[in-house]
């Protein structure tokens, strides 16, 4: 290998050193100085791992002074190169630059430059890069993007709402499903879609303080969205880092109290340029035309500044008409400005609902009914569809569905309001109550008497709360270490129940964390019962581990002991037995407890066991909940209303449980009130809205389609390959779970999403739902998306060389595999990837420019090839450099046709879809005022920007592989 002083070479093994200069040569060794790092390297002349750097006409080079030059001619004299060309900055031509004056910090980014500079990647990295390009492009084109990656059951009505709302520009909607139907999950699905597509980047969630942790956990565990919790302390800290503290985070959760308490804080929130605002428990925002509450006014002010708003609220029937109108007013004050007019409008929807019911019943329609439908829809060419719907043909059902869809598009608040009820959604279990009446121990009787004397000045409410938890009264006098569990009959009953139901998973809920911890100790020490504990003092990771241990079938905990607050936001559908060791103070908390098991997807009837002590507030409350509200065995939408109306009487009975005179009458009155309210709610149900929110067959098909995509074996193979190449250790744990841990030889020292301790993953949705410690890996999971970014944003795998053993071809035959990428640059919020994601175009060229790619599929071809070590590869490249240049020029000439075809197809698709959506909404705007002007403007603006961006689309070479035929 001829070396001359002043020549420029690059290290094959340490490319980060930059360009080296030959500074010493003797008979056996050569010394290179690398000016950018100041380091020297001594190599053997005969077999040194370095590659000569030689540029060609057309290349752009940089001098050590920083100016650039386009090379037009290369001269060699005494082994040294001089480049002649035109300077980019001064346009001066005929400039000569000797290679010794080249910039030493040279980085080769183009695949061909890397190949010629000897920066040759491993063959498996090239294959991974191509697969990453291919799968990434395919995933953007897959239907229901953003709906496949969450750790949730595929429940049709939730998917229907999320699919409808998540694709809108700045959605402003009211989610008002009944309890247990998953409003939080629907909101999370919408957020996930909007964030993944780039339609939103900054999200603010406002929820009552008691639910903040639940939201934090749900967003992280189900959607991989890491929110920051802002309270007074965090806000004060952030003020040191930014003028507006909320600019320090993209995703924020705070409480209404936090927002309301400070005018400056509200101003900062309004100025923080959120894309989406989510408000949970929005029915607690009090409003009247004359006196809206401060909380309502604060949210109203925020809603004026934030483009997208999701309000989660109780059902409209529970709220009452005025309160329901107040929520809609937050979404669109221009549309909902007059309460009286709104009430009148609601009455007018009755004929539409009747028409929908008529169509769904499948009966033949009279001429009058057909005419009425035609008038309601108001389309000129509706006649053929009406005739088809009224015929006996096979198309009748689909025609009726289309008519129903058109009616719902044009009438009612269906674009801004979604509401599902348990009546309209299948899949809920029965709930069976088992009460166990137990005697009140003398120790408790004594403690209660003393407490009554000493606490005479306490309010009735405080006495009532004390009486619900006699063990705490006992501890007040005997000390925190008092062993109440030695005599409390509930403990004895619980141990007996658990030992006789060893095969059952049992969820035990009590009000306080201390009770849960004491029960765990007793169960473990006395009966050897495996019990996990779950309370608010534990970190999210500790709770995950406890939940995972409870979920394990054979070796897991039999019991999970939960405190009231600790169990928020967690669901354990795999268990169907629940023990309430004590009772919560109000019906909402009772429903929340039962809701841990009573979810869609629960496979068994729920057995609710309530051991209670006679002559205590527990005995009063268990009767009131069961006989007065029927709250154990059915959901109770009337609970809060009745609770508020009889609060004072109920508190007195709870505070003095031995004085029961008149209690039977109270229960009877409550039951009558409950039945009357329930009937009233049922009568007020909006069937039209339910049909729209539920989604019917369309929603079912959506769930089935995503379920099919869950079985994508390509993902598993790709992920394992990706983890191997990044350098992530994989340990198969069985049960469809794998433990990933970082290794010492990773491509990057800290891979986002992979902690030092490692993580457990699964590709199985059912396993992920049962095991909260296992992350559910899909194409949308951050681990995969970060891996794709790591490979595709750098030059990993962009140039390689392989040998093809094929005796049918002459030795030394050259093939060049080119991977071009066709793409358009645009802001993320345009969601250009719907039409033209970065798309790979593969070419396999021989030296005559014949493209053999269609004849030899990538994976088949890849299996026939053998790797070449880097040093041998560099020698091969140097030997055929001119031939490769010629083939590259042939590739450049051919790619334009393929790229143009892709770009034109994307333009046509974008124009067709966006124009159709705009036309549909413009037509509906004439008959449905719930379509906002700003939505139409945004779609038109989006269409124009998308078309302009596609006009600017181009292509570039992303990777290349040189293939040399051999017979050995």
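Glycine too: its Cβ is placed from the backbone N, Cα and C atoms.
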Stretch carrying motif 'DEAH box' according to Swiss-Prot (options 272-275, 276-279, 280-283): 280-283
Residues satisfying Cβ distance under 8 Å from residue 180 (ATP binding site), sequence separation of at least 6: 422, 428, 591, 595, 598, 599, 600, 635
Env. residues of ATP site, Cβ within 8 Å of mean position of 177, 178, 179, 180, 181, 182, 183, 184 Cβ: 186, 420
Sparsest-packed among the binding-site residues, when each Cβ's other Cβ atoms within 10 Å are tallied, from 177, 178: 178
Cβ neighbour count (within 10 Å, all chains shown) around residue 183 (ATP binding site): 25
Helix-strand-coil residue split for the motif 'DEAH box' (280-283), DSSP-based: 2 helix, 0 strand, 2 coil
Residue, out of the binding-site residues 179, 181, whose Cβ gathers the largest set of other Cβ atoms within 10 Å: 181
Arithmetic mean of per-residue pLDDT over the domain 'Helicase ATP-binding' (164-334): 89
